[in-house]
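Structure first, commentary second.
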């Protein structure tokens, strides 16, 4: 005899009385209708989940366009400088200043970008950065002298500082916990895509005269800014910023578009409001006071965030990218066209392997990728230094190209994208914009130091000696990852804050798998 739960019998009796059922066959008809309703609910939930995922990815891609500007500038300047040097007759010192100043000047944009984004919003700060960058590139394109070239370069640096720092924060604030690593890594994809486009632009326009070629190379960099302007009218404002501004209705409407279920909307809204209450009433001075005199938890966040930014750049990635023509020329390649063709190979390596990181960052976690990246870079930088001690030999040239391509590939697997991911997710809401800006200081200063001293250092200890130094620094970064970087995979931004504070609840997942079935059965899709 079939067993029936007491609750089921009670429900059946109530429905018989409510609907006037006279027999079990009429009741079976209702059960079939309920099953059809459940199927409809499941279909609707799956459709909403699909639409939400598309929308979140679209917003993240549009926000990442700012990083193309940074990447293009890095890539295009490596080749354009060859023709600028011949056309404007600049010295080696001026070349170092022109190439390296962008990293230092971008600090102005990064530090002011945090406060600006808290005042006018995340997405409009990205737009402001694009406008400033576009103006700077236009001045550089038509620059008649080194002085005007520097003015445009300074403006471009400020614009990049604005956009690059805020883009990561924006993406982290709109992303669900289980996809935040992948979405934030889009920034590194766009940087690599920009670098590749810069290399291709160098090769494509190298056939023009020395006076025209570098101007076209730089002028093409204005185009991405146009797409960013269009994107601003497509993407929503960050819901976390809207809550900070007490615009709760707007924040909720944005979360409805970014969340798969109504329950998830409420959970995320409660977490954001709780985090915002902690910082309510804090003024900008109080934020900086907390950053400069941090609690133990905030200090650990700053060690991780600022440290990863520092090691990302001090290991010489900008020297490898900016001065790859110099490296290949030192290895024995003489033709400018062959040198620029080799740099295109570097760009492809950097771009292809970032796709590997995007696929793995939310599957294997942040730390494993950082281990692979830092250990691989240490080995490749050492091999590159060794290859440059064998000038004018076919083996030395091949080994140098392989070492440069492998170094940027290992960088793209871990240090490149994971740095952006960690920097945008480890800070609490009240400190996020300003702390991320502060974290840029370590990265930009070390980047400027490397870029503005590479040629001088190469002359003093040789190009190979410089890369042996980079290899040693990269070995230190392995230890830094082990002792200072926590694993943040599949944790909400609020749970990460709890983890740094040492609270046990931080290990709880955002939404359990069983919750999805419960939501479907309850009809809250």
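Note: Cβ is positioned from N, Cα and C throughout, glycine not excepted.
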For the transmembrane segment entry in TrEMBL, name the matching range from 263-283, 368-388, 431-451. 368-388
Pick from 400-423, 496-519: which stretch is listed in TrEMBL under transmembrane segment? 400-423
Range annotated as transmembrane segment in TrEMBL, from 21-38, 183-200: 183-200
Outside the transmembrane segment (368-388), six or more residues from its ends: residues with CB under 8 Å to it: 311, 315-316, 327, 330-331, 357, 360-361, 396, 399-400, 402-404, 406-407, 409-411, 413-418, 462-468, 470-471, 474-475, 477-478, 481-482, 485
Cβ pairs under 8 Å between the transmembrane segment (96-114) and the transmembrane segment (339-361), at least three: no
Cβ under 8 Å to the transmembrane segment (400-423), counting only same-chain residues 6 or more beyond its ends: which ones? 168, 172, 180-181, 184-185, 187-189, 191-192, 304-305, 308-309, 311-312, 315, 317, 320-321, 324, 327-328, 331, 342, 345-346, 349-354, 356-358, 360-361, 366, 369-374, 376-377, 380-381, 383-384, 387-388, 436, 439, 443, 477, 485, 488
How about long-range neighbours of the transmembrane segment (183-200): same chain, 6 or more residues beyond its ends, C-beta under 8 Å? 56-57, 60-61, 64-79, 164, 167-168, 171-172, 175, 217, 220-221, 224, 321, 340, 343-344, 346-348, 350-351, 354-355, 357-358, 361, 412, 416-418, 420-421, 424-425
Highest-contact recorded stretch vs the transmembrane segment (55-84), from 126-144, 150-171, 301-324, CB pairs under 8 Å: 150-171
In contact by Cβ distance (the transmembrane segment (339-361), the transmembrane segment (301-324); 3 or more pairs under 8 Å): yes
